[in-house]
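Notes follow once the structure below has been shown.
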Amino acid sequence: MAAGSGRGLAQLAEALGSSEQALRLILSILMGYPFALFQRYFLFQKETYLIHLYNALTGLSIAYFNFGMQFFHSLLCVLIQFLILRLMGRTITAVFTTFLFQMTYLMAGYYFTATEHYDIKWTMPHCVLTLKLIGLAIDYYDGGKDLEFLTPEQRRFAVRGVPTLLEVSGFSYFYGAFMVGPQFSMTDYQKLARGEMTDVQGQRPNSFVPALKRLSLGLFFLVTYTLSSPYISDEYLISDDYMEKPFWFRCGYILIWGKIILYKYVTCWLVTEGVCILVGLGYNGKDQNGKPMWDACANMKVWLYETTPLFTGTIASFNINTNAWVARYIFKRLKFLGNKLLSQALALFFLAIWHGLHSGYLVCFQMELLIVIVERQVINLVRDSPPLSTLASITALQPIFYVLQQANHWMFMGYSLVPFCLFTWDKWMKVFTSPKQTIHTTTLFSLLFLFLVQLCLLILNRASLFTGVQVYLFPWPRVVLHLIIGVALYSQINCATKRKAKKSRVTAKR
């Protein structure tokens with residue numbers, strides 16, 4: 001029967017033009033809605049062990065449905081994490097042991113299952129689980145400290161009690177977030193189990209309509225991605241046809257491709273957010289007007305994502321919970337280093353390797369940081385230059401500026417996503433080394449150009465040159481770092497090109 005069911009799903013996926021694993025993923029996150037309805041109407045404010053058991057069993061069934069017996073990877077890590085908490089207690093040793101074990105297990109999974117394409121396999125939900133278990137260990141450690149030594153944020157998430165094995169399992173396998181997130185804390189999960197995540201105490205949350213809105217929005221993006229994917233693909237970026245296209249076409253294609261390719265993530269996050277809202281986990285208190293907010297599990301700010309003309313705006317609207325997790329448990333915990341830039345670099349490095357071991361992830365995050373620096377310099381330039389500020393404030397010209405900003409923003413966003421989506425060195429390097437693809441060089445030289453323009457403006461405005469240089473050179477040490485990376489990348493490009501040419505000559509001789 002299982003084999004027949006598998007053949008049926010394979011045939012359905014083929015008819016829809018999708019892979020069987022992608023279809024299983026979509027079905028799994030949609031199954032969260034009937035699961036959430038059952039929990040709302042039959043388990044609300046029941047014994048907490050029943051809720052933990054229900055979440056653990058439903059999550060394990062989703063894991064088995066997608067990955068078969070490979071669900072044991074997550075089960076093993078959950079069991080070991082529980083033992084770490086119980087045997088090592090609220091110690092820094094437990095935190096370091098958790099971090100090393102969970103990250104090593106995830107890295108090993110990436111290494112032994114790696115391919116040249118993006119595959120939906122057990123490591124996909126496991127990376128979500130890894131963050132969840134590391135966060136649990138840190139919050140448990142904070143729970144043993146006096147309140148006066150904790151920040152307000154740490155007090156909110158600190159785990160004071162001792163979680164049971166069933167509680168850790170329910171937290172880890174919660175059906176609304178097991179496959180693709182979002183991240184949430186153990187304290188919020190405990191409130192959910194006690195029936196406290198509701199806008200009306202003692203009653204089921206009035207979250208049905210907000211949940212349906214997120215579901216509908218997610219399905220809209222799913223349809224948009226499905227209809228667009230036959231015409232917008234990763235493979236076309238490395239095809240000979242794309243390489244022969246003129247520069248304007250290649251830039252336009254990358255702009256549209258970068259926008260559409262992210263819709264698959266937007267779809268999953270919006271649908272799962274709806275599940276979390278429906279069951280109550282998305283409750284985030286009330287606003288100033290007493291209206292309930294349901295964005296505790298929001299991973300997307302859709303309106304900001306679609307309308308912002310800024311690169312930083314897209315970052316702030318995309319994968320919100322994961323970025324908040326990295327800020328809370330990595331960046332802010334590195335405060336003892338006394339160097340914000342170093343903390344940022346280490347946080348980004350962690351985020352890159354958490355995504356996977358392919359070189360494309362590291363290059364993507366390095367390029368995003370580089371482009372953000374350029375964007376901030378442009379904003380500072382316009383703000384501090386009276387002529388440019390006056391020009392930018394002209395109402396009639398603002399729609400034109402907005403369109404140009406959007407086009408520039410998404411072209412560079414798509415360009416940064418090339419290594420992220422193509423993964424391996426030979427693929428993304430093929431795009432970057434193309435004679436017609438000059439965006440990387442343009443970005444690097446834009447930094448130097450902006451620096452010279454800023455100095456000229458300071459002189460023309462009769463500002464103190466020494467003071468001005470101090471102000472404007474403050475972010476430039478990191479630019480020097482990126483220039484070094486760029487030179488190294490350029491050197492590697494030349495070497496790769498020479499090796500390819502030499503190989504072609506040898507092949508021709510044979």
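Here the Cβ of each residue, glycine as well, is placed from N, Cα and C on the backbone.
What TrEMBL says about a protein is an automatic prediction, not a curated fact.
It is 302-321, from the ranges 162-181, 202-221, 302-321, that TrEMBL records as transmembrane segment. In terms of C-beta pairs under 8 Å, the stretch of 92-111, 302-321, 341-364, 410-429 lying closest in packing to the transmembrane segment (253-281) is 410-429. Residues of the same chain lying 6 or more positions beyond the ends of the transmembrane segment (92-111) and with a Cβ under 8 Å from any Cβ of it are 73, 77, 80-81, 84-85, 122-123, 126-127, 130, 133-134, 137-138, 140-141, 353-354, 356-357.
Of the ranges 21-42, 341-364, 410-429, the one with the most Cβ pairs under 8 Å to the transmembrane segment (302-321) is 410-429.
Here the transmembrane segment (21-42) has Cβ contacts under 8 Å with residues 9, 12-13, 51, 54, 58, 62, 65-66, 119-121, 175-176, 179-180, 204-205, 211, 215, 222, 268, 271-272, 274-275, 278-280 of the same chain, all six or more residues outside its ends.
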